[in-house]
Amino acid sequence: MHEMGIAMQIVEIAGGAIPSGIENPSVAKVNIRVGKLTAVVPTSLTFCFNIATQDTPLAGAELVIEEVPVVARCKQCGHEWIITGPDFSCETCRAGEVDILSGRELDIVSIELKE
């Protein structure tokens, strides 16, 4: 389960982003974007995040996951579409050469501190 490793990295990065001048910081939310091609299971990541945040300033924080679809552009005709299945062929001209425009993201967008 690679979600635990990802959760631990999120905790490390988000924890490091908390300004040092704040006394007893507490994080309310961590907002992330996860592409479909990362093979991250959102429920598993949330479960692992809740474990990884114990005894940290992120304990009890909500993990908000925005799933990013796989978007491709055909190299032959330039058509762009959202890929929903295993077929990466262009839905317009059926060419097999595509550029992946999105779907590989795994980004921390923001953290929100409790007041």
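Even glycines carry a Cβ here, placed using N, Cα and C.
Proximity of His2 (Ni(2+) binding site) to non-local residues of its own chain (separation of 6 or more, Cβ distance below 8 Å) is seen for Ala39, Val40, given in sequence order. According to DSSP, His2 (Ni(2+) binding site) is assigned to coil rather than to any helix or strand. Per Swiss-Prot, Ni(2+) binding site is recorded for His2.
Taken from Swiss-Prot, the feature Zn(2+) binding site covers Cys74, Cys77, Cys90, Cys93. Cys77 (Zn(2+) binding site) counts 11 other C-beta atoms within 10 Å of its own C-beta, drawing on all protein chains shown.
Listed in sequence order, the residues Lys75, Gln76, Gly78, His79, Glu91, Thr92, Arg94, Ala95 complete the 8 Å Cβ shell around the Zn(2+) site centroid, once Cys74, Cys77, Cys90, Cys93 themselves are left out.
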